[in-house]
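Noted in Swiss-Prot for the protein shown:
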| type | residues | note |
| --- | --- | --- |
| ACT_SITE | K93 | active site, proton donor |
| BINDING | D37, 59-61, 91-100, Y217, R235 | substrate binding site |
Amino acid sequence: MVTTLSYTERASHPSPLAKRLFSLMESKKTNLCASVDVRTTEELLKLVDTLGPYICLLKTHIDIIDDFSMESTVAPLLELSKEHNFLIFEDRKFADIGNTVKAQYAGGAFKIAQWADITNAHGVTGRGIVKGLKEAAQETTDEPRGLLMLAELSSKGSFAHGTYTEETVEIAKTDKDFCIGFIAQRDMGGREDGFDWIIMTPGVGLDDKGDSLGQQYRTVDEVVSGGCDIIIVGRGLFGKGRDPTVEGERYRKAGWDAYLKRYSAQ
């Protein structure tokens, strides 16, 4: 059964990161995550500054930024996150053994654990991936970090369903503080065992139904009523012919109204 608790009630979460996220969602009245996949630092920062007031979370693919640097990309991005009060989710989709992901998360060119509040991982390599990522976070920063497991995807033909999804949920159960939830298309349960997982859902659109590369879109009401806590929207916010200011408020309101409808159903 989908939870009808308010974000304020859920801010008693055992994870400091989840607690912070629920609190800012309530204070800003938004459950919108902007997925900003652009190729330059200038485009990224400009869009984030515009969308910042409407979002609780920014989702990045930092490895597609052609002119990336910690100084010119990450530093100003962190300043914008403070100015507009949102968290940062690096959509890295880790998928290797624990020792390897530990190095990938903490080091390399992107040093993700230093600046991203949240990251995510596939469950294909087993439980060691959670341990490796958590160790990297603890050894890199004193700031709280959170992990989302990829339980389901929005792309046509995805293998992330059935037994794979069930096993991924079992992996998430191994760490109540660090594993804060899932990338999924619906509620993942767990409340009977004391878990309050955050469900973030990609492939959400108010207008389009899909694209030529297999993306499939569902409506805001559809995903939130099914258990989604945070809607992830990309091209719907800033695609060709769209005004990010107008679309940011449009999706913020749609997401918040859908949440209030679910909450009022208790």
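Note: Cβ is positioned from N, Cα and C throughout, glycine not excepted.
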Study note, to complete from the structure: Simplified to three states, DSSP reports D91 (substrate binding site) as strand
**Study point:** Rounded distance in angstrom between the Cα atoms of T60 (substrate binding site) and the residue listed as 'active site, proton donor'
**Key:** 11
Check your understanding: So of D37, D91, which of the binding-site residues has the fewest other Cβ atoms within 10 Å around its own Cβ?
Key -> D37
Review point. Sorted by position, what residues of the same chain at least six away from K93 (active site, proton donor) have a C-beta under 8 A from it?
Key: N120, A121, H122, L150
Revision key, fill the gap. If you count the other CB atoms within 10 A of the CB of T60 (substrate binding site), including all protein chains displayed, you should get 26
Practice item. Tally every other Cβ atom lying within 10 Å of the Cβ atom of Y217 (substrate binding site). Key: 20
**Study point:** For T60 (substrate binding site), the three-state class that DSSP assigns
**Key:** strand
Review point. Got a sec? Which of these binding-site residues, A95, I97, has the most Cβ atoms within 10 Å?
Key: A95
Review point. Including all protein chains displayed, how many Cβ atoms other than that of N99 (substrate binding site) lie within 10 Å of its Cβ?
Key: 12
